[in-house]
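Per TrEMBL, the features are:
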- 332, 345-349, 385-392, 482-484: FAD binding site (BINDING)
- 80-213: domain 'Photolyase/cryptochrome alpha/beta' (DOMAIN)
- 558-585: region 'Disordered' (REGION)
- 416: site 'Electron transfer via tryptophanyl radical' (SITE)
- 469: site 'Electron transfer via tryptophanyl radical' (SITE)
- 492: site 'Electron transfer via tryptophanyl radical' (SITE)
Ligand SMILES: Cc1cc2nc3c(=O)[nH]c(=O)nc-3n(C[C@H](O)[C@H](O)[C@H](O)COP(=O)(O)OP(=O)(O)OC[C@H]3O[C@@H](n4cnc5c(N)ncnc54)[C@H](O)[C@@H]3O)c2cc1C
Ligand SMILES: Nc1ncnc2c1ncn2[C@@H]1O[C@H](COP(=O)(O)OP(=O)(O)OP(=O)(O)O)[C@@H](O)[C@H]1O
C-alpha cells in the first residue's frame, strides 16, 4: 500500500474533519521521516525526539487539542484588550495565563519578548547564559506556539528587547487594561516582573503633567486605570494554592513534602479551552521568529545522540509516543536509570522547562493510561518524579537566592577549589574516567544528559575534584535544553551537600556506577568511539588504553591499599545506612 493511501486510511479511521485530513495530507507531502529501517544502525544513528513523522504528529496534536477543547460555548465576560505575555509557558493547552487573559477581554494580544539578558553570561563564571542548542529549542517553541495560536484565531507578536520596555509600550498602544503572565519564583525573573509592574503603573500617571489636576488628585483618580499585571501560577503539577503549606512552611525534606501533598492535595484538571481564542487585534507587524544568529548564537548541528524538537506539538507527540505508541510507561520504573537512547525515560524535561508541556497534562495522561491500560509502580513513578520537580520549585519560593549561594540553603562553609584546568577537563570530557567523559560529551553534543549521568558527574566534580559546585551548575545552565533554575540549582545543592538532603555526603563511586549502569560499556563506547575496540568489561576501565586520570577517586579506585579500602568500606556502610532513610530523586 502506498504512503498516500496509508495516510488516508489512518486519518479517516480517526474520524477527523475533512479540513483536518487535508491539512495532515499536506504536511505529509512537505516533511520527510527520519527513521532508518536498518536495525543494526539503531544504536548509532541520530535519534529525533519524538521520532514520529509529520503525519502522525499532526494527528496526535489535533486529537490532543480536540480532547481539551470545550464542547460547549464558553462565556467570555471580559471587555477591552488584554495582553498575554508569554515567558516559560510556551503552550496553548492548559495555559492558565492565556485562558484568564482571554476571559478578561474581548480582544487578546499574545506577546513574546526576546530578552537580550537571556543571551548574555551566567552570573559568576561568565559562561554563555543560553547555549546554542537551547537557543534553537526556544526558536522551535516560538515557531510552534505561533502556529498553534494562529490555528485558534490569534497570532504571536515577537519583539526583541526587555519586557519592562516592550510590554508597557504595547499596553499603551493597544489600550490594554491587563497583562497576564505566568508567575516565576527566582530573582532574575521576579525582578523583571517587578519592573514591568512598576512601569505599567506609571502609564496613566505619565500624562499627569498635561492634566489640570494636582499629582495626588490625578493619582487617586487614575491609578485604577493603569494596566494591571496579573501573575498566574502555572509551572507545577500541584497548584501553589492547593498545597498544604505556606511558602515559608514548605518542608525541607522531600519525602515529607511528597507525603503531605499526596495525602492532602489534588492535582487540578487541565483547562478546557474554546475552539477560537480570537479575534486578534489588527497589527501591522507581528515580528518574525528569530534566527539563531539574531540571538547572538552560532548554529550548532546535533550530529549524534538525540535531537530534541522544540515546541508544544513535539511535546504532545512525545507524550503520545512514550505512553501510548511505545507503551514505555509500563516499565518506566525499571528503565529510568538508563543512559543511552530516547526510551529509558520520558524525556519530557525540555518541554516542561520551556512550558511547552503542562505537568497537569502529563498527570491526566498517566491517569488515562492507568484506566485504559494498567496502573503499576511505573505509572506512579512518573508522578513521583514530577513531585520532585514541584518540590524544587516550591523550595525556591522558600529559600530565595540561597539556592544560588555557595553555602546553599544550609549556609554550609567549605573550602571549594576553582581550579580552571580541572574544571575544563570535566567540562570538555577529558578527565580520564570514561563514564564522566561520555556524559559530558553527550551534554555538549545534544544538550541532554540522563538523571543518572547528572548525579554521577555532579558527584565527581564536587567530591572527587572538590570544585565549586556553582561552576558545574552554571555550565549546566549553559548547556541543558531543560535548564530550569529551580531543578538545576536545587539538584546541585543536593549533590554538593548544601541543600536539604539528609544524606549530606552523597558520593557516587564511578567504578560501581559503571558496573551497575553500563556493565557492557555500551554507553561509554557510544560517546567515546576509541573504546569500541576494547573488550566490553574493559571499556569503563581502560587503563593505559585511554587518557590519564586527572584526579584519583576519593573512594573506589582499583589500585588501593587495604587500609584505605577498609576505611572507605566503613564510610560507605554508614552512608548506605543513611541512604535507606531517603529515596533518591
Ligand atoms: C545536577 C543535576 C541537575 C539537574 N538539572 C535539571 C534541570 O535544569 N532541569 C530539569 O528539568 N531537571 C534537572 N535535573 C533533574 C533530572 O535529571 C531531569 O529532570 C531528568 O533527567 C530529565 O529527563 P526525563 O524528562 O527523561 O526524566 P524522567 O525520569 O522521565 O522524569 C520525569 C520528569 O520528572 C522530573 N524530574 C525527574 N527527576 C527530577 C529531579 N531530580 N529533579 C527535578 N525534577 C525531576 C522532570 O521534570 C522529568 O521530566 C537535574 C538533576 C541533577 C542531578
Ligand atoms: N533564573 C535564574 N537563573 C540563574 N540564576 C539566577 C536566576 N535567578 C536568580 N539567580 C541568581 O540569584 C543570585 C542573585 O544574586 P545575589 O544572591 O548576589 O543577590 P542578592 O540580592 O545579594 O541576594 P540576597 O539578597 O538573597 O543575598 C545570582 O546568583 C543570580 O544569578
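In case you wondered, yes, glycine gets a Cβ from its N, Cα and C as well.
With respect to residue 332 (FAD binding site), the closest of these recorded sites in Cα terms is 492, chosen from 416, 469, 492.
When the recorded sites 416, 469, 492 are compared by Cα distance to residue 347 (FAD binding site), the shortest distance belongs to 492. Each of the recorded positions 388, 469 was assessed for Cβ neighbours inside 10 Å, and the highest tally belongs to 469. By the criterion of other Cβ atoms within 10 Å of the residue's own Cβ, the least surrounded of the binding-site residues 332, 391 is 332.
Mean predicted confidence for the domain 'Photolyase/cryptochrome alpha/beta' (80-213): the pLDDT average there is 95.
Closest to residue 388 (FAD binding site) in space, going by CA atoms and restricting to the recorded sites 416, 469, 492, is 492. For the pair formed by residue 391 (FAD binding site) and residue 469 (site 'Electron transfer via tryptophanyl radical'), distance between Cα atoms is given as 21 Å, rounded to the nearest Å. Comparing CA positions across the recorded positions 385, 416, 469, 483, the one lying closest to residue 492 (site 'Electron transfer via tryptophanyl radical') turns out to be 469.
Annotation: 492 carries the greatest number of neighbouring Cβ atoms among the recorded positions 416, 483, 492 [cut-off 10 Å, Cβ to Cβ].
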